[in-house]
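Take a look at the structure below.
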Amino acid sequence: MLSLHTLTLGSVLLVLPLTSAISGLLTDPEQVNGQTFDYVIVGGGLGGLTVANRLSENPDITVLVLEAGADNRNDPRVYEPGQYSVAFGTELDWNWPSSQGRNIHGGKTLGGSTSINGLAQTRGQREQYDALSSFLGGDDGGGRWSWTGMFNAMLKSEGFSAPNDQQQEAGASANPAYHNTSGPVQVTYPDGIYHGPQQGHFKEVVSSNFSVAAVPDADGGAANTVAFHPNTIDWHDSGHRSSSATAYWSPIESTRSNIAILTSHLATQILMDTTSSPPRARGVQFGTSGGGRWEVSAGKEVIVSAGAIQTPALLQLSGIGDPALLNRLGIEITVNNTGVGKNFQEQTIDSIGWTPVDGFDPQGTGPSDVISYPSLLALSTSSNIDIAETIASNIESYAQNAFDAGAVVSVDAARQLFEIQQDLMVNKSVGLVEHFFDTGFPNNGLGIDMWQLLPFSRGTVEITSTDPFTYPTVDPRYFSADIDMQIQIAGARMARKIFQAAPLRTIVTEENAPGYDAVPEDGNGGSDDDWRNWITDGFASVHHPIATCSMMSQDLGGVVGADLKVYGTANLRIVDASVLPIQFSAHLSATLYGIAENAADM
């Protein structure tokens, strides 16, 4: 299968394999074992496949992607939007246990989480992208880490199809200036868009009663609004899911001879050459749980795109991390980087449900499309505390708490991080919670899936063993900063009030989650104590883990700089959700596609 060429050094004749002959989707590790590729990419998810596609546009560059999961593009649990969540808890899901008995789902399949997520395509607030440079001492990466740079990168990934007539009749609309029609990720509205009154009523109530502006298209940087949002679905392909696998791999799978993907093999160690200064990633070891181990070499770079949980674990296994952890496990330190696995952030979700009136017809199959992102002003009428004052009075204690838990590198670093977040929440009017109007859930009725977007709680991801197949300890420290609970309570109370308002109230009968028995109605949406008890018992992870290898300055605990290169290494980069230093008022995928497109241009 391999072409060969010869090289004579003195009297020694070397026979070297040309790795450019290795291409396509592979499952046999021997096909790549001992080979050299220009770029070795760990993780065939959103970041990995985006970068792999763009790098391999140059036919003189060779690329290998190592993916822990299998290729499941032809599995209806993946391609059929209506089967969202069916893959959870299966072989397609990492299903990491986290603290407080909650699990975090993530795609363990080609395409990563883009193959099993909820397909919502949303962008964050302009000011949140502009704030990225604040974590880097003002370095915006040559304009990449700003609204303009990220907007252009997000556009590059997008293949948008404007709503057709029947979708417009249902309420969908778009501003052409906010979209690109020629990118690989297919984005549009579903053919089964709901024509019943529920989504329009939700939008009307939120905009009329709660100071959330209704806009025809929220993708232009003003995200603190209520709007119809498109989905990552491909109307050219029977309305199937458009994942990073179908967008960035399927079109080139049989046409490029310089890129290969090896599936069903886990990267077990980044091989570092510590004789170089700084240390250089010379390749990757990978294997199976049965004990097999193989190696590939990287001629130019190793790029890690394994996600916010597996990426820090792989770095730690490779001797890159906090010496206190590595010494405890007897791992030789190759790069002292105390921020690895720290600053971990995850959101918390609760669903408020109401029973529709008898005979209610949603008039469609979905997925659901309408989302609201209320800012501090909009949320304040549903809060029994002064959110801004509570944040201001407690930043020092939040910082100390995070440091005491080992979740940040210093109290001062945490204070600076929280002050950036405070400014966005209080002065820049970013969305504080998401209200996702959900037809069919919970309890087969109408609901609002609600989560606080910007937690002050910080946690950790740490390996506990040198066995790469042992999951790391994942501790988001949910609600360790009580303001997160206070905002969650306000968001839940606001969701109840939304259903209590006309015209939405005219199409529902009673609340079934939590219900007035669990959280009695007191004339103001229920008491804080009752909401707190219900939330504590029933919240779930949103499955949006980030920030464990944050793109920040080193004094703040950053792991990568503006070039996404791991501090203290010559050629090791990270391109995934772990580099995001803070949560955004949006779902993750659009922003992560922008990061990956920017990374590929570096």
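Using N, Cα and C of the backbone, Cβ positions are placed for all residues, glycine too.
Note that this is a predicted model, so its numbers are computed, not measured.
As recorded in TrEMBL, the features of this protein are as follows:
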type	residues	note
SIGNAL	1-21	signal peptide
DOMAIN	307-321	domain 'Glucose-methanol-choline oxidoreductase N-terminal'
ACT_SITE	His544	active site, proton donor
ACT_SITE	His587	active site, proton acceptor
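Straight-line distance linking the Cα atoms of His587 (active site, proton acceptor) and the residue listed as 'active site, proton donor', rounded to a whole number, equals 8 Å. Counting only residues at least six positions away in the same chain, the Cβ atoms of Glu346, Gln347, Ala577, Gln583, His587, Leu588 sit under 8 Å from the Cβ of His544 (active site, proton donor). His587 (active site, proton acceptor) has a Cβ environment of 23 other Cβ atoms inside 10 Å.
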